[in-house]
Each structure stands twice: as structure tokens, then as C-alpha cells.
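Novice: Annotations for this protein, taken from TrEMBL, read as follows:
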DOMAIN    A:31-393  domain 'Luciferase-like'
BINDING   A:Asp60, A:Thr103, A:His153, A:Tyr157, A:Ser228  FMN binding site
There are 2 protein chains.
Amino acid sequence: MPHRPPAQMALGSFAYAFGYHPAAWLQPGVPHDAATSLAHWVELARIAERGKMDFIFIADSPAVAPGPNESIARWTNSMNRPEPLTLLAAMAAQTTHIGLAATLSTSFYEPYNVARLFGMLDHVSHGRASWNVVTSDHQATSYNFGLDGLEPHALRYEKAREFFDIVCGLWDSYDDDAFICDPGSGYYFHPDRLHPLDHKGKHYSVRGPLNLARPPQGRPVIAQAGGSEAGKEFAAETAEVVFSIGSSIEESRAFYADLKGRMAKFGRAPDQLKVMPGIPVYVGRTEEEADEKLARLGASLNPAAGLSALQLFMTGVDFSGLDLDQPVPASRIDSNSNASKAIFGVAEQLLRQEGMTLRQMISRWAAQGSHTLFKGSPKQVVDQMEEWFSTGAADGFMVMHPVMPHDLTDFVELVVPELQRRGLYREDYSGTMLRDHLGLARPASRYAAPPARDEVA
Amino acid sequence: MPHRPPAQMALGSFAYAFGYHPAAWLQPGVPHDAATSLAHWVELARIAERGKMDFIFIADSPAVAPGPNESIARWTNSMNRPEPLTLLAAMAAQTTHIGLAATLSTSFYEPYNVARLFGMLDHVSHGRASWNVVTSDHQATSYNFGLDGLEPHALRYEKAREFFDIVCGLWDSYDDDAFICDPGSGYYFHPDRLHPLDHKGKHYSVRGPLNLARPPQGRPVIAQAGGSEAGKEFAAETAEVVFSIGSSIEESRAFYADLKGRMAKFGRAPDQLKVMPGIPVYVGRTEEEADEKLARLGASLNPAAGLSALQLFMTGVDFSGLDLDQPVPASRIDSNSNASKAIFGVAEQLLRQEGMTLRQMISRWAAQGSHTLFKGSPKQVVDQMEEWFSTGAADGFMVMHPVMPHDLTDFVELVVPELQRRGLYREDYSGTMLRDHLGLARPASRYAAPPARDEVA
């Protein structure tokens, strides 16, 4: 079956408070309280909305990065981060179209509370919520929740699958037309249109029903990001958006084909899941301007801050005591863990490149992490995006902006118009809900009667 | 020690989506989707803000009322209710001064998540958050969280006490001046100003630190509502606002003196806890207008809806099969449970009043529940409020509005000006944080050095 891409791509803004680049917070004009400043986040959302982007996404984990204070004090992204549900709800009140997506871990929340939080976010935003379902993969997180470590990977996914079913069932507690508000009978809602869940499963017991009307989208858009075998099966069955690493176009094509190929056995059409690799975009009016932007950020990166950032992600490598201007010795590289290898393949490649100094490596890792770099003039960046989009590597992109809000603005003002000119992106929103933007069907309630024969024909 | 009331009273709006009266949703002009409509809640918050009220409060419980659908379908308040943290965050984005308070149960959330949710609400609202700490008292709630029932009352409070300490400790994870953002050293925050909690207690183990800057108020304002012995001790030690029933002025004076008298042993000044009875206010331009308002609501109450509401609260009394126009037989009354007696004393008195028919009882219970009725012209209502305030029955009031938004508007336009005329209420806000409104001190971090001798003297 030849690849048939959707007519237009999807675009999410992968929004870190300061920006994706570890030197973002050191740039002039970046607010130091960005993580907790509603004004800052509203500005980001409105810029993305001006660019007609599908959604803004806030990654989350309920823990700080592990490590001694001396080391983590130089790292921004996980140390002071907004609680995403309250933040997105506040952003919803000051925007009209942009989708609002956040991570919430199935390992550290109760399904009833998750159903309420995301269900209400969908209500206050009039149908713009998206839940990125994760199981969490850092041991340290568990220590904040009375546990001595994470449960085994397979068990986490087994529980996540059950958790997900419960949350979806709770969202269906009331039929869409339940609230009849009939003065004659005194019925606020129709008694036949409320459904207790009565879930008694292997890992959870939740009676329900939810005390909340069905969300405007039926259910918030379901996103996932897992790359493991269990993660891909879970995504193929349930996800509508998948965030991927995109370390190369070849790897992305393989991931795309793999994931879409798993959907048929769950009775799902391939266009009901959007594969969206994360791409760090360094765009300038010219190629030279983009190069200068990248170089300037690299030069302003405090080496200690950069090294601590790298160390936090490549936990299997001990960088201590090394000379910044020498290559990393092979002996250190061999100590790399399997987990680091899988997740930080690009960084590991960099490590192995002979002759690259630790300082150069930090700089390059800071610019792109494990992702493919998208850099250049608007034409060059869009050429690259179009190649990925038209050859089965992506249905759209999670755009990672080096510095906020400047590089989100540059993306919206330089890249989006070129995408629109080529017909690759919408000129305007055609609806108000996130499902409208993404072309995703509104799920029927699990309690809905199957459509009559006439309606199907 | 003679009672010395604060110079001015505190006023909270106890906001039900439709209003306090069970017939509220049947009134013309009340939006049927009030519970989930952000526009409706923002309107309420803005009216309260126009009246310079201290805060708007959203009661919460993570469950629907128990009972067969036929019965609960006529009851509005707990059946479709907003998730309060996301709603208040959205309201924060469209208001500037009004405090934002909500209930969250210590029995069904994780301390780390609660610290993040209320901490971030305090950030997005620039210091207007308040957490009403409850342990939950409905068995049915536990069934939504994998439990077969609530834990014993004393154990719930013991756990709540530990839970509360953890949340407060997490809020202190970063010192107020932790984020130095120093380009020279590369320190985003000062390494000495982050404090892991390392809590290992009887019921919880939470390592911390929180991944969030200290809330603008140091900690959100702590509210409580428990009336039990354990509840009063907990409140005397930790609460800054206490919601009480206020079934009579005498009962309220006794409760007030009891609670304030317990504070000294915890080293707390009496003015750092505001006792605020809930009062249903029926105000008109004249006494006649107020009487008409009350009568009109009573007459429009669907008897089946009223009876189902009453039955949901007086679970110890079986009202089935009774004639609405006859008194309730004594045999039914005797089956009243201890819990109902304690909580619904007023309703029980009504039951016992000879000659009062079930219909009359429903009507009166609907109007005031277990609370004292505040009814009449602005002068009459304020006379009543002033008596309570000036004789040690209240530091302020949780105003319960029969129908939203109309009766909140009437309160702000008729009652508040009369309170202001007498000097009993502020003419305008003097600060922007909820602690400013209530005259509450900003708590020092538990890690703060004690003030130097000179500063104390």
C-alpha cells in the first residue's frame, strides 16, 4: 500500500517555558519567571494561534531532575515547571482556537481525578483539550508518591491500558443529550442517560459515574509518546496523536509505517492517528541568519550549565573531571546504559565521533538533543518538512522552539506562510475544536445505540 | 477576655452553579449548562469582585450523590459539577482581585499533586488561591477510588494532618529568592535555596522537592469546615478560614468561642482564623419583596425534585409513600440517624414541628437547609449580619445565593452598600492577594532563618 499523506500537515508547538535550547533562559528578553507566568504562556498560545497551529503542548513530570543541587541548579526545564492542567485552563480563558495539550502520568494519578481534570479542561476550552498519556519512566518520580521505584515496564503499560479504559468510560457517564432540564417532571437529567461505570478490573476498581457532563469533544484528543513495543501497541489501539523522536528521516519512516501498520487489527483507519516527530527549528530570513542564531546560542551556553543538562539526560555516562576541549575518552562511552542508547541515540553518535571535543558535543546536543535539526531559510526549512511529510515520515510536526517567545514568533512569521503558500498548511481554522483542526472523528459514547441500518447505508 | 471583633467583616460567595435553592435551575434566565460554563462562572466572579468580596468558593466532592437514577436525576448540585482547580484557574485569567477557593479532599489525592495544583493556581492568579482541606464524609466517594468505604474518622484526620504538613513543606521547596538566574555562574537557582522534603511519616512517604517556585502567598489560604472534635483541633492549629453551619446565633457564638479558644495552645493569634458561617440571604428592596422572592421559589419547587433533594441529605429518614400535605409521622422521624441529627439539626427540628406538612417542610428546608435564614430589606439583613458580627458569632459570612447570578447581584447591589455605609465592609480592595483581603500574614518558609534579634525588637 503506497503512502498517502493527509492533504495538510498538523503542527503542534512543543512549549518549554524558556525554550528548547538549554541556553534559552540566558538570552536577553526572556522572562525569568516564564514557567509560572500566565502572561508569558498566554503570549505563547496567542502566537501559536496566530499561526493557526493545531495545539500547544506542555510536557510534564511530577518531579525535579535527580541529582545534587549543585548540578541541577543549572538546569531549567524540569526544575520549576507549571502544573499543566491549571495552566492550560487559564490559557483557555484567553484564547479561542488553539488546542491545549498536556502530559499526565497514569502511574501517579487516580483515574477519577484525571477524568475530571481533562474533562473540565475540555469544557472550559469548548473542546480544545488533549491528554498525552504516559506511564512515567524516571525512578525518581516514584519517590514523590510513596513508592520505592517504578513498577516494571510491562506492568506499567498493562495498568495504563486499564486506566485509559476507565477514564474513557467515565467521560461517557452522561449521554450527550442527558441534561433535559424539564420543569414538568422535575428531571434535571434523563434518568436513562446516566451510566455508572461499575469497573472492577485487575488493577483498579472505580464505580462511577463521573459527576461531569460528557466533554464537548466526546473525549479529549488522546496523545502518546511511547516508542517501546508495548507503547506502540497501546498507541496503535488508542492514540490519535503520537509524538516521536525523529532522529532521522529513515528512522521516522520506519516508525511511521510500523505504527500505522498496527492499526488495522484494532479496526482503526490510519488517518485517525497523526505521527508527529519533534523537530528543533532554527529559522532565519536567510540561511546565514539561521546559522548565526544557532552559533550565538551555542556561544552563550554556560559550559557548566550545558554539561549539567547533558549529564542529566545521559545518566549512563560519567562526564565528571573531563577536559571540555578534549574528546570524550572511549572508556567513558562504554559505560553508556541501554536506556541512554535507546533514547539518546544521536547524542551517543556525537560521543563516538572522533575528534569532537566535549565542548563541541555539548553545543550540538544542546541544539538538537536526539532530534534531527531543521535549520535554514524559510524555504530550506519547509523543503525539509515537505520531504518528511510527503514521504511517509510524518503527518505533522511537534515544533521545538529554541528560545521563547522569539523563535515561536519566527516560526509563525517565516515558516507557516511558506507552508501555506505551498498548500501544506491551513490558511485559517475551519472549526473551533481540536478534533476539527486535526480532522479526528468525535468518538461515540460506549453506551450509544449502534446507528440504525438506514443511517449506516 | 471580651470579644473584640475585627474592624470589618470578611465575605465569601458560596457559589453553587445554579444557586443554593433546589429550585434555582427551574428559574427563568438561569443557564442550564451553568456547571460547566466558563462564561457563567466568570460572570459570578466578576459580580463578587464588583462587590469587593474576599473570595468565591466552590465546594467539591469527587462523586455523584448516591441513589437510584430516578431519584438523583432531579437533584442538580452534585450531579454535574465543575472540576474546581481547572475552573478556578480559568476564572483567574479573567479576574484581578477576587480570591479563588475550592475544596479538595485529602483522602483521594496525592499530596504532591495537591501541592502542584493549588501552588500553580496561586501563581496564575497572582496570589488569590485558597484550599478548603476536607477528608470527605460520604462512603460513596470511596468507591470511585478503589476502596470499599471510608477509613474511620479519627484515622482520616490523622492522615489529613500528615498530608497537610507534606503539602506545606512541598510549597517551601524553593526559598522565595531561590531563582537568581545568574549568567556568570550559570545558576538558574541558588543551590542552597532548594530543599528536598524527605518526608517519611506514618502514612506517607514523599521525597520532594516540589518542581514549582514558592506560591506568591507563601501558601494558599487554608480553609476548613469540620465541626467534629478532631476537625476543630485541626482547624485551630492550621486553618485560616473556617466555614461553619450557623444553625443559630447562639450555636455560632459557642462554636466561635470554642474554636478561637483552642488557638493559643498552638501559638496562634485569634485574628489569624476567620470564622465564617454559611448564610442563605433572601434580600429585596423591601421586606415584602424579599418575602415574595422566598415564596416564589418555594412555589416553583417541583415537589418530586424537592423531596429527592431532602431525601439525599436526610438519609436516615425514609420519606417514601408519604402524603405531601400531611405531617410526617413520628415513626419515620425516630429512624433518623445520628449523622443526620448532627448535620441537619434544623431540618430535624422542622420534621418535629407538629402540624407542618411534608410539603411545607420541603419548602422551608429548601430555603435554608440547616442554616439560619437571613431575609428582608437591606437594612434588615445587615442588622442581622451586624448582630452576628459584633457579638462573637462570626468574623464574616459565606453568603449562599438562592439563584445565580440574580441573587449574587442583589447581594452586591443591596447588601454590600449598606454594609459599607456602616463601616462594616471595605470600600475597595487594599491589595491584590487573598491574604491582603483577609488580613492574614504571609507564612514564612519552614526553612527560613529566624529573624535576627534586631529585627524582632
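Here the Cβ of each residue, glycine as well, is placed from N, Cα and C on the backbone.
Remember, TrEMBL labels are computer predictions, not curated facts.
How buried are the listed features, and what sits near them?
Specialist: Other C-beta atoms found within 10 angstroms of the C-beta of A:Asp60 (FMN binding site) number 21, with every protein chain shown included.
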Novice: Can you check which residues sit near A:His153 (FMN binding site), meaning Cβ under 8 Å from its Cβ, same chain, 6 or more apart in sequence, and list them in order?
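Specialist: In sequence order, the residues whose Cβ lies under 8 Å from that of A:His153 (FMN binding site) (at least 6 apart) are A:Thr135, A:Ser228, A:Ala230.
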Novice: So the record assigns A:Asp60, A:Thr103, A:His153, A:Tyr157, A:Ser228 to FMN. If I measure every Cα pair among those residues, what is the longest distance in angstrom, as a whole number?
Specialist: 19
Novice: Reduce the DSSP letter at A:His153 (FMN binding site) to three states and note it down.
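Specialist: Note: A:His153 (FMN binding site) is helical by DSSP.
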Novice: Among the binding-site residues listed here (A:Thr103, A:Ser228), identify the one with the smallest other-Cβ count within 10 Å.
Specialist: A:Ser228
Novice: Around the Cβ of A:Tyr157 (FMN binding site), how many other Cβ atoms lie within 10 Å? Please give the count over every shown protein chain.
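Specialist: A:Tyr157 (FMN binding site) is surrounded by 20 other Cβ atoms within 10 Å.
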Novice: Three states by DSSP: which one describes A:Asp60 (FMN binding site)?
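Specialist: Once the DSSP labels are grouped into three classes, A:Asp60 (FMN binding site) ends up as coil.
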